[in-house]
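> Below is one structure. I have some questions about it.
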Amino acid sequence: MSKDFLRPRNALHKGKYDMTKMTTHDWLNKVPEVTLAFWVIKIMSTTVGETFADFLAVDAGLGLGITSAVMAALLAVALVVQVRGRTYTPWIYWLSVVLVSIVGTQLTDILTDVLDVSLYTSTAVFSGLLVVNFAVWYAVEKNLSIREIITPRRELFYWTTVLCTFALGTAAGDLATEALGLGFTLGAMIFAALIALAGVAWRYGLNAVPAFWVVYILTRPLGASLGDLLTQAHKYGGLGIGATWTSVIFLCVIVVLVAAAQFAANSRKQLSQ
């Protein structure tokens, strides 16, 4: 998907957007352009949310309770910094996404492993919460586009939506690969196919805003399925790489991509002064 993914298709064809110019509105928007790098980091962040949460809770021996409390506290701090910032800052934004991914994973794990809530129920509950959040967001703001995140209230709606998508994606991914018995490989292939289908639908006229959110939601179970495929032992259908190495490799790639985005943002800011 290109950076034009959230531009209205009729506006693109009529030339209403000049992609060579940055307006005040562009600088105020608090989320990145939707480019290939955006989706790569997003999918890797979802995978890290799955693997790093397991690493901290199991491999590092912190347990689900301590890990959840620490990650929730770090997420709260990151979101305060993100929301209080005046413009999009890549490293703050993507740190928040990674932390949301971890916390979203742990919300589902707590419901499933501690409270013994079935994956069918948790998937239905998070789906309902996401629909309600979208409904309230639209009723208040009349706009769900991430190209319009230019006020603190819209940003709060945005991050609440992101948290719901991560929790839902974790539950839906586990439901597909475990409860329905699809397995990690087939599960990942199905979610990837659904993402491709949404992209094709957008290309042939589907409104960009719902297309984006459908893909955004589906990248979560895709990343979770990939995480399980990479980390789980061979006897469970995985590749046996382990949570530690998978987390390290993916985090390194994320850091490189975010550093490049931060450098580009700093360069644009200097040129605009």
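Any Cβ shown, glycine's included, is placed from N, Cα and C.
Those TrEMBL annotations? Automatic predictions, nothing curated.
Look at TrEMBL and you will find 60-81, 88-107, 119-140, 156-173, 179-197, 204-223, 243-265 tagged as transmembrane segment.
Tell me about the surroundings of these features in the structure.
With a cut-off of 8 Å between Cβ atoms, the residues of this chain six or more beyond the transmembrane segment (60-81) that come close are 53, 92, 95-96, 99-100, 102-103, 106, 109-110, 113-114, 159.
Remote same-chain partners of the transmembrane segment (88-107), defined as residues 6 or more beyond its termini with a Cβ less than 8 Å from a stretch Cβ, comprise 27, 29-32, 41-42, 45-46, 48-50, 52-53, 57, 64, 67-68, 71-72, 74-75, 78-79, 81-82, 159, 162-163, 165-167, 169-170, 220, 223-224, 254, 258-259, 261-262, 265.
Listed as Cβ neighbours of the transmembrane segment (119-140) (distance under 8 Å, sequence separation of 6 or more from its ends, same chain) are residues 108, 111-112, 153-154, 157, 160-161, 164-165, 167-168, 171-172, 174-175, 178-179, 213, 217.
Outside the transmembrane segment (156-173) by six or more residues, the chain places 30-31, 46, 49-50, 79, 82-83, 96-97, 100-101, 103-105, 107-109, 111-112, 119, 122-123, 126-127, 129-130, 133-134, 136-137, 140-141, 146, 149, 187, 191, 213, 216-225, 228 with a CB less than 8 A from a CB of the stretch.
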> Six or more residues beyond either end and a Cβ under 8 Å away: which residues meet both conditions relative to the transmembrane segment (243-265)?
32, 37, 40-41, 44-45, 47-48, 51-52, 54-55, 58-59, 88-91, 94, 98, 227, 230-231
